[in-house]
Amino acid sequence: MSLANTLLGDISSDDESDIDDNQIENTNDSKSMNLVQASTSDGRLAHIDNSLCHKYMPMLKSLQNLVAELNSEVSFTTLANKLDLITKANEILGKSRDCIRSIHTFIKIRYKPIWSDLDTLIPNPINFAKVIMVVKDDIDSVSSKGEELSTFLKKDEILGLTVSASSMVELPTEQRNSEIIEVIIPACKLLTDFSDGIEIVEAFLTKAAYLLTPNVTALVGPHIAAQLLATLGLDGLIKTPACNLPNLGANDSATGVHSTRIKRGFIYNCELVQSVSMDYRKQAMRQVSAKVILAARIDFSQRGSAKEDRFGKEWYNEIASKLEKIQAPPENHQMKPLPKPVDKKSAKRAGRRFRKQKEKMKMSKLEEAKNKMPFYKAEDTEMDEFGNEIGLGMASKFSSSKGAYRNLSIADTHRPQITKGLAQKLESFIPANTEHQSSKLVSLLESNDKASYNTANTEMSERPKKIRKIEDGRNGY
């Protein structure tokens, strides 16, 4: 048995394992004939039927050929280039998914007149097609076909279908167009065939990824590793910068090119990123992307030799522990109770210095009177230097009839205080100035005394002469 058959043994059903390549081709031909031989009474529906067949059947045939190649006896390890099959499978998977989206749109548009709310109730294209294949145009049969629907739908989805079907007004039998159902049902079968082939190829790629990149697979899982290999290949993956890896596989058209939300690429869906909350997923993607590039380079260096996933497992545990520490709540520090208060009298300030300080800050009698106001009397006011009106309170009792404040003596405690050093300096200048001024005064007085003394002596010496002249004049000399 080949490696492909071993990998797909627990995925493929018993019926699929019994079908050989010839049976697959015969099935494809019969489906094509059924689509072409759909109701031809309406030319428009026949044209739609033929266009659907010619457009999607070649792609379905290539997908089924790929499945047949995987089920063949050719061993996967004997292929010349192991990545060629993965690249080919990825290309076919991408085109097959595009076909599923197109067929889903085709079915929605044509089934809208029969059940308008079905596409909103069942957004999954595969389940949407399966519901139509079960219900067809008989909407009232939804409640009776609950067991058949429960094989691929959840209970809440079945409940939603039942409520929607009960509230709808079913079309009369004469207004039903059976030809539309005859076109829609083959389209639904075509969609489910695509889905079955895609599941088989994805399962094969998921398990085959471990053979090529064991460390990357151990780090992000086989499914993500297969997507990375199918998109870039191992050679392209080792050359990709780690900062570009989170955007790989992101659908920019869904969220907008310039959206600030997290790009949901391949790495976003790995287990490590999904295990953390939304606030830490961007940081988790950054750490995983850096390790994926390192793991890919190790796998690239191990080509042609025995491969091991030791580094991938170590990095997985390392990132998991880091993310766990980031999400851990802050440590719960034990709250210490306050110490028991000591019941003792508080020490009061005392002493000469404190008493002098209190006296210095004490309010004067005039200030105390300004803060008081007599009852039943108008308050006297005055204007300050800035033109503001200030109330005097009971300070008016210190004023005379003219309105001037009584001259109150200023307490020594309210006078400006100077330090002892400054007081000594000021006192040292007082004797010198006094002595200097007194010396000037003494010299000035002495000079004045001398001048007056000389004048007095001159007058006293000349006085007898004047007296003689007067006496001689009287005597007639």
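Count begins at 1; order follows the chain as displayed.
Every residue gets a Cβ built from N, Cα and C, even glycine.
Keep in mind that TrEMBL annotations are predicted by a computer and have not been checked by a curator.
Note on TrEMBL: of 13-43, 447-477, the range annotated with the feature region 'Disordered' is 447-477. Taking the domain 'Nop' (212-328) as a whole, pLDDT averages 86 in the prediction. For the domain 'Nop' (212-328), the DSSP-based tally of helix, strand and coil residues reads 82 helix, 0 strand, 35 coil. DSSP places the residues of the compositional bias 'Basic residues' (346-359) in helix, strand and coil in these numbers: 8 helix, 0 strand, 6 coil.
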